[in-house]
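**Student:** OK, Swiss-Prot features for this one:
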ACT_SITE  Arg87  active site
ACT_SITE  Glu90  active site
ACT_SITE  Ser113  active site
Amino acid sequence: MKKIDVTEAIILAKKERNLTWEGIAAELGMGTVWVTSACLGMNSMPEAVAEKLCAYLELPEGAKAALMEYPTKAWDKEVPQDPLIYRLYEVVGVYGDTLKEVIQEKFGDGIMSAIDFTMDVAKEENPKGDRVVLTLNGKFLPYKAW
């Protein structure tokens, strides 16, 4: 079974059972963003988590092995047409250089890890319209001279 097949089975089971990513993550005892990413094929699951997910969603045989496989973390190089994803590209396009300057001013020359990393999505109620709060929390990795 391939990762894409498992992703499709997960999405179908989620829909049929009227579940949320947050609910699935809570059942697994893991973070919502990470579980969603793993279910969409962009992270590999530890065996115990994969077993629990397969049992919870009654996934077909072979799903556990596919969930545990190391993913190829690649994506299309074209800017996505989905408006929400496009806006994230736009944020980086408009503010990327600014973020780089501010981060390097505070930390020095380096990067933010996407390996030693967590991400959270929260909803903030606001009288002018509810706000999306994205928190990206990555370890700073300084470049070294040699």
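Using the three backbone atoms N, Cα and C, a Cβ is placed for every residue, glycine included.
Quick caveat, the model's predicted, so the values are computed rather than measured.
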**Student:** Where does Glu90 (active site) sit in DSSP terms: helix, strand, or coil?
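**Tutor:** Reduced to three states, the DSSP call for Glu90 (active site) is helix.
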**Student:** Which number gives the other C-beta atoms within 10 angstroms of the C-beta of Glu90 (active site), all protein chains shown included?
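**Tutor:** 12, counting other Cβ atoms within 10 Å of Glu90 (active site).
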**Student:** Could you state the CA-to-CA distance between Glu90 (active site) and Ser113 (active site) to the nearest Å?
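**Tutor:** That separation, Cα to Cα, works out to 21 Å.
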**Student:** What's the CA to CA span in angstrom from Ser113 (active site) over to Arg87 (active site)?
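**Tutor:** The separation of the Cα atoms works out to 22 Å.
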